[in-house]
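If you check TrEMBL, you get these features:
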type: BINDING; residues: 32, 65, 66, 67, 121; note: GTP binding site
type: BINDING; residues: 218, 232; note: Mg(2+) binding site
type: BINDING; residues: 283, 340, 341, 342; note: substrate binding site
type: DOMAIN; residues: 14-220; note: domain 'ATP-grasp fold succinyl-CoA synthetase-type'
type: DOMAIN; residues: 282-401; note: domain 'ATP-citrate synthase/succinyl-CoA ligase C-terminal'
type: SITE; residues: 54; note: site 'Important for substrate specificity'
type: SITE; residues: 122; note: site 'Important for substrate specificity'
């Protein structure tokens with residue numbers, strides 16, 4: 001008989017650009033020379049130590065669109081080029097400690113705590129290279145295109161003949177001929193071809209060593225001086241390998257999350273804040289999105305969604321209610337649970353305990369379906385609490401919207 005499997009969902013691991021670049025450099029992959037600074041004085045020293053013809057200064061935040069962002073210090077742009085180390089100091093003074101707003105940040109922006117001071121290199125040609133896990137191939141594949149620096153999805157649509165794909169044998173790794181062929185397909189010529197092939201092999205070594213699910217380099221470029229450089233990279237990690245990648249997972253940057261997201265993560269709950277007034281308490285991201293949609297279709301507005309995931313404990317349900325009721329925007333709570341792995345009776349016990357101990361002040365609509373649902377319904381109906389039961393998702397959404405309208 002198999003033992004019960006405990007499923008613990010978690011967020012994606014968030015690494016800053018300088019952290020990803022350091023991991024790559026540590027594995028012999030060629031990146032721009034850089035230093036990290038957390039004060040204007042450190043930035044000046046870093047710029048002087050680089051002894052570079054030109055310097056690029058980059059604000060370190062997780063959100064994209066930094067180049068076009070605006071600081072609340074008045075400075076425009078989170079990425080700046082200069083030849084003068086003194087200018088690096090002046091710019092860093094207007095970056096560190098200030099909020100940078102981009103298209104991907106909250107309205108007030110994100111506080112910049114560190115800047116990356118890097119050697120600016122000219123790019124004479126940009127290509128695209130990635131290694132990723134492919135279900136269709138039951139293993140890793142290399143994907144490359146001589147058209148880099150642009151959205152690869154666009155290239156796939158407009159010029160599919162410029163996308164090259166190569167399966168990697170998990171026992172033999174990337175063979176020399178495969179790496180050279182990919183370098184050729186990417187348009188590297190002469191001595192650069194061997195250099196690109198070496199970088200490709202080092203990237204596969206990195207992919208294996210850090211338990212990545214994807215390493216995407218865009219642009220994978222060449223410089224006028226004849227160097228192959230990984231200018232920008234995105235790395236995705238396998239969450240199941242956390243036990244053997246402790247150093248990497250310890251770098252996880254949670255500082256840009258909402259405090260409530262970090263609190264939820266402590267109990268293996270996923271929380272995403274929205275701007276409505278009906279809290280959604282569900283299991284599974286797909287069900288969460290469907291619940292939000294059906295609330296909207298019935299004229300309501302979801303305040304958030306809180307995802308319980310698979311292996312649920314009663315204490316998690318209690319903590320979830322605590323988080324939801326602490327949000328002043330919440331005027332009603334809709335619980336929508338489909339019990340596959342989840343035992344509905346555990347949810348019901350957690351709900352009744354939370355309602356009694358937290359003295360719930362807002363209407364609560366509950367729809368449970370699946371494993372042990374009869375027992376769960378009995379627990380709720382005998383609790384004597386003002387809980388509104390719903391037959392299905394549509395019924396639940398209508399009742400939740402109506403309970404807010406009555407207030």
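The backbone N, Cα and C atoms fix where each Cβ goes, glycine too.
Curation plays no part in TrEMBL annotations; they are all automatic predictions.
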Counting other CB atoms within 10 A of each CB, which of the recorded positions 54, 232 comes out lowest?
54
If you average pLDDT over the domain 'ATP-citrate synthase/succinyl-CoA ligase C-terminal' (282-401), what do you get?
85
Which one is it: of the binding-site residues 32, 67, 232, whose Cα lies the shortest distance from the Cα of residue 54 (site 'Important for substrate specificity')?
32
Residue 342 (substrate binding site) and residue 218 (Mg(2+) binding site), Cα-Cα, nearest whole angstrom:
41
How many Å separate the Cα atoms of residue 67 (GTP binding site) and residue 232 (Mg(2+) binding site)?
14
Work out how many Å separate residue 66 (GTP binding site) and residue 341 (substrate binding site) at their Cα atoms, rounded off.
42
Using Cα coordinates, what distance in whole Å links residue 341 (substrate binding site) and residue 121 (GTP binding site)?
52
Fewest other C-beta atoms within 10 angstroms, as judged across 121, 341, 342, which are the binding-site residues:
341
Give the number of CB atoms, excluding that of residue 67 (GTP binding site) itself, located within 10 Å of its CB.
13
Between the Cα atoms of residue 283 (substrate binding site) and residue 122 (site 'Important for substrate specificity'), find the distance and write it as a whole number of Å.
49
What's the longest C-alpha separation between any two of 283, 340, 341, 342, the listed substrate-binding residues, in angstrom?
10
Nearest of the binding-site residues to residue 121 (GTP binding site) by CA-CA distance, picking from 232, 340, 342?
232
